[in-house]
Every structure is written in structure tokens, then in C-alpha cells.
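Participant: Can you read through this structure? Questions will come right after.
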Amino acid sequence: MLDSKLLVIKIGSNVLTQENGLPDLDRMEKLVAQIQALTSLGKKVVLVSSGAVAFGRQAIPLPEKLNPVFKKQIWASTGQIRLINQYQNFFEKHKQPVAQILVTKEDFRDRKHFLNMKNCVQALLSQGILPIINENDTVTITELMFTDNDELASLTAAMINADTMMLLTNVDGIFTGNPSDPDSQLIEKVASKMPEVSNYISASKSSFGRGGMLTKYAMAKKSADLGIQVIIANGKRENVLGEFADKSLRCTWFEPQKAKHGAKKWLAHGEHYYVGEITINEGAKSSLTAEVIRSLLPIGIIKLEGEFSKGDILLIRDETGHKIGLGRAEYSSKVANERIGQKNQKALIHYDYLYIFDHD
Ligand SMILES: Nc1ncnc2c1ncn2[C@@H]1O[C@H](COP(=O)(O)OP(=O)(O)O)[C@@H](O)[C@H]1O
Ligand SMILES: N[C@@H](CCC(=O)OP(=O)(O)O)C(=O)O
């Protein structure tokens, strides 16, 4: 494990709940104390915490037959107050001020909006306030939802340029089979070229989890590729964060790759957010995928789809339809359509705002 200065710690619902479904306040209080111990070592921490629905479900009984969307909205909106109040009480004992930030996928789509959110988190950290982030579950339904809070944590880690992301769940990490099977072994290190890891993971989830280990793995891998070290560990372990600090923690560690800069990290997570699509010719493709990456000029563009404005995310495909990468539009689709295929025109995507997918 590498040293860390700025961490995103994500706590799964099952870490904060007992087997009978009741909130595990003792665990929560211990985790808060351990987070404080990390901050007293000079580390900055942003917390992404699940648990709103689980806390609401226990407090507010609802009829079995009620529409599941209403149930989720009611439990999330009532449970989030309980969750954040508990955090505030526990952090107050350490004289640590906290802030609540509730976000939706939309907040990550628009670069300006994204930068506002990033500035807010940074302003809080600069004043010694600990941000506690959760999804705004009351307004995010189906396609507006993050896959789960593992996705939210990895978007947050990329947004604030965190060096470390910890995903705390109810198992020690990724195992070579079902974690409860004694023959399964913990995978302690995931290096960049280990495609077989996902084969070990089954679709099963803990009783309150949303995404399961597969999304945890996908998000961890993506974050590590962007240069963030990722640790999947057991949040129910007595001194999980203390063991992390002294590097004795039993966990799955994802080795970080060379760090990408901020705008590229934002784009890397843009696969679900693109507004328009561009098809490029072979010459443009070899230029974009070469060692020295160049900007995308209109002369290399064959086709444009969708209406986009300056600043929107665009998906880039080659002539066979294969996805090559993502980029930020320097001008609108209206202007781009006038320049398509022409020489000596300003780049539609500047290389600082271009993210090429890894194709192996
Ligand atoms: N190969 C595997 N290694 C570890 N856990 C796995 C594996 N395959 C499936 N899982 C399941 O993934 C669960 C953790 O995911 P999830 O329930 O979404 O947690 P959280 O609520 O913390 O996000 C574990 O409790 C475990 O049952
Ligand atoms: N936003 C939801 C959490 C959804 C979620 O991703 O849960 P988990 O898989 O336990 O991290 C809540 O607070 O209940």
C-alpha cells in the first residue's frame, strides 16, 4: 500500500447494519473515531456513506404492497436524516464539523456543475470540515441512479484527485470464489493486467447492498487505471482504518497506474454521459491512439450524430463503429457540421480533454 494524503472512504449499508437489519451504531461510532485518527495524522478524508434506506426501513414500517419506488423514497428521505444525525453526533464528540452533500448523476454530467461541486468539497476540506456524501435517492429513480455508491465514490475520488479510495464492505476483499467457502482465497493484489479477476465474482450481494462485488470491482479497476490506489476491505473489522494506516490491513489492493490529470479523470467516467457521437477515419484513429496523442481535427471526422454544445462530452468511434474514446467538444454540433472533413479548422476536441479507452 502507498501513503495517502487525500482519501475517499466509502461505507456500504451492510457495514452500518447488524444482521437483524437494525443500525449498528457501535460500529458507526468506532469508524468515526478511526476516521478522526486518520485526520489527526494529517490525512484529508471525504466520506461516501450508504445507509439511508437501511436506517429508514428500520424506523418507518410500510405496507408490503406499497409501490417499491415510493418505499425507497420514503425510507431514503426519512433514513438520511437519521444517518446524518448519527454521524454528526459521533463526529461532534471529536469536535469535527461535518457537511452533508446529496448528489445525483446529473451533477457529474455537466463540467461546470461538476466543477462547482468539486470547489464545494475542496472549500469544505480547506476549512477542516468533513464532507459526507450520499446519493439523493429521493429524486434518482432508474436511469438517473448511480449503479450504487461504489460508482459515486469512484466519481468523487476522480473529481477531487484523491490518491486513495477505500471501499468498506462486509468481506475482506475479493475472493477466488464465494467468500464463505473455506477454499476461497483472498486476492491481495490486483495489478493492471489481470482480466481474470471478474470471473471469480458472483452476482450475489449482501442483504442491503445494491451493486454487489462486480460493480465494486469495475469501479476499483477504473479508478486504479486513473492513478488512484483502491482498497476493498472489511468495514466490520475492529480496527480497519488503524490497520490501513499501519499497512497491516488484510484487504484487496488495486495497484494504481500512472495518474491521469483532472479533466481526463472526469472524461473517463463519461461513458454514460455523452451527448453526441463522432465517427473518425483511419488516419485520425491512428493519430489519436499513437503514443503522442493529438487533438481531433475536423478533417478526420466522417460523421457527427446528436446535437451538442461547447463543453458537452462526445463519444468517438472508428469507421467500424468501435468505441475509441471520449472527448469534450470545443464548439457546438452546428459549427462542427459546417467544418466536418475540412482542412485548417480548429480542433473539435483538444488533447487535454481527450480520453482514449484501453483496448486490451
Ligand atoms: N468473489 C467474491 N469475493 C468477495 N465477495 C463477493 C464475491 N462474489 C460475490 N461477493 C459478494 O459481494 C458482497 C459485497 O457487495 P455489496 O453487497 O454490494 O456490498 P456493499 O453494500 O458494501 O456495497 C459480499 O458480501 C459477497 O457476498
Ligand atoms: N444511497 C443508498 C445506498 C445505495 C448503495 O449503493 O448501497 P451499498 O451497495 O450498500 O453501498 C442509501 O443510502 O441507502
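Keep in mind that glycine also has a Cβ here, set from the backbone N, Cα and C atoms.
Those TrEMBL annotations? Automatic predictions, nothing curated.
Per TrEMBL, the features are:
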BINDING   Lys10  ATP binding site
BINDING   Ser50, Asp137, Asn149  substrate binding site
DOMAIN    276-349  domain 'PUA'
Participant: Quick one: which of the binding-site residues (Lys10, Ser50, Asp137, Asn149) have their CB closer than 6 Å to ligand 2?
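Facilitator: The binding-site residues passing the 6 Å Cβ test are Ser50, Asp137, Asn149.
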Participant: Whole-number Å distance between the CA of Asn149 (substrate binding site) and the CA of the residue listed as 'ATP binding site'?
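Facilitator: One finds 8 Å between the Cα atoms of these residues.
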Participant: What are the DSSP helix/strand/coil residue counts across the domain 'PUA' (276-349)?
Facilitator: 18 helix, 23 strand, 33 coil
Participant: Taking the residues the record says bind substrate (Ser50, Asp137, Asn149), how far apart in Å are the two Cα atoms that sit farthest from each other?
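Facilitator: The widest Cα-Cα gap among those binding residues is 11 Å.
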Participant: What's the CA-CA gap between Ser50 (substrate binding site) and Lys10 (ATP binding site) in angstrom, rounded?
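Facilitator: Between the alpha carbons of Ser50 (substrate binding site) and Lys10 (ATP binding site) there are 8 Å.
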Participant: Same chain only, sequence gap of 6 or more: which residues have a CB within under 8 Å of the CB of Asp137 (substrate binding site)?
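Facilitator: Spatial neighbours, sequence-distant, of Asp137 (substrate binding site): Ala52, Val53, Lys72, Gln73, Ala76, Ser77, Gln80.
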Participant: Around the Cβ of Asn149 (substrate binding site), how many other Cβ atoms lie within 10 Å? Please give the count over every shown protein chain.
Facilitator: 27
